[in-house]
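S.K.: Feature list, courtesy of Swiss-Prot:
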- 11-98: domain 'Phosphagen kinase N-terminal' (DOMAIN)
- 99-118: region 'Disordered' (REGION)
- 125-367: domain 'Phosphagen kinase C-terminal' (DOMAIN)
- 128-132, 191, 236, 292, 320-325, 335: ATP binding site (BINDING)
């Protein structure tokens, strides 16, 4: 759990060798990059708000790795973290985002009309579609580092902004503190609300401090546009609905997101963004678009096929279990989404999901008729 910088000065009484974490059993991006030399060079640095190298790496020290997913193992505490600790973050980002270089520039495209197709995914196989992203509000520390006052200020700003939305986006805010245990669980089960802070990644990085203070969910009246406030990021914006109309989900996502961004800009609080990293978020894995376009899709035959993993890899897609990142697939229903966040625009990422899922559903239908799919396996995208 992050400490104040005074604690960091206390640690400096010990040599870098004495303080260097034991990463011998670790399988995460941070552990691959952090050497005793790098630790020594960066450990006395801190951002203007007092975030230190030990704060950056603590979650990766406490969580050696994940059996299915190579975790990142480090977080940012504020916008400046990516600059002050760039000697650690840059190689992690390059590793995690397919060779994205420190000199590369990220591109943004939130024009939903540039998406081709996406309104014809077969609802017999595609059960639900959703697109999400994160946003950070300039001038405030990020969740691993923010104070109670900062967190409450972020909530106040966000609620004022969201409550001014109209039309299809008109909705209301539900603070976590005011919910009963049952209401909370129901929203989690319906995939509307973030889970309780049991994830070791959340706990070790300090994001769960003061829980549930200043956390909540805002959604429009028909629950197709949601905003989580103060979980892993200041804001998580989600557009979702049942069935396979990804085109409509993406339209609502882009339109709603632009409206929110406008309101924040007018209030003098733009979102954190840089030309190199795109939208700045807490976890380096989400930099760039922060976008995850995903569908819940039923693939009983294809998921048993020996080339299933390779097909996903070639389509630049990632699979998760039905309930999210740490869960198993129930009834052969997988959560399939884009693997990339940085270096591709929002439209390009959703296009990969639409095209890839369409192809996989066609493969599933072929396998149902006991026909081979070898000639359908795509080249690497």
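Numbers run from 1 along the shown chain.
Positions of Cβ are set from backbone N, Cα and C atoms, glycine also.
From a predicted model like this one, the values you see are computed outputs, not experimental measurements.
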S.K.: Please list, in sequence order, the residues in the chain of residue 130 (ATP binding site) that are at least six apart in sequence and whose C-beta is under 8 Å away from its C-beta.
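M.R.: Within the chain, residue 130 (ATP binding site) has Cβ neighbours under 8 Å at 238, 239, 240, 241, 249, 293, 294, 295.
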S.K.: I'd like the Cβ neighbour count for residue 335 (ATP binding site), meaning other Cβ atoms within 10 Å of its Cβ, all protein chains included.
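M.R.: Within a 10 Å radius of the Cβ of residue 335 (ATP binding site) lie 22 other Cβ atoms.
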S.K.: Across all chains shown, how many C-beta atoms besides its own are within 10 angstroms of the C-beta of residue 132 (ATP binding site)?
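M.R.: Here the count is 19.
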S.K.: Is it possible to list how many residues within the domain 'Phosphagen kinase N-terminal' (11-98) are helical, extended or coil according to DSSP?
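M.R.: With helix first, then strand, then coil, the domain 'Phosphagen kinase N-terminal' (11-98) has 42 helix, 6 strand, 40 coil.
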S.K.: Which numbers of helix, strand and coil residues does DSSP report for the region 'Disordered' (99-118)?
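M.R.: Going by DSSP assignments, the region 'Disordered' (99-118) contains 3 helix, 0 strand, 17 coil.
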S.K.: Among all protein chains shown, how many Cβ atoms are found within 10 Å of the Cβ of residue 128 (ATP binding site), not counting that one?
M.R.: 18
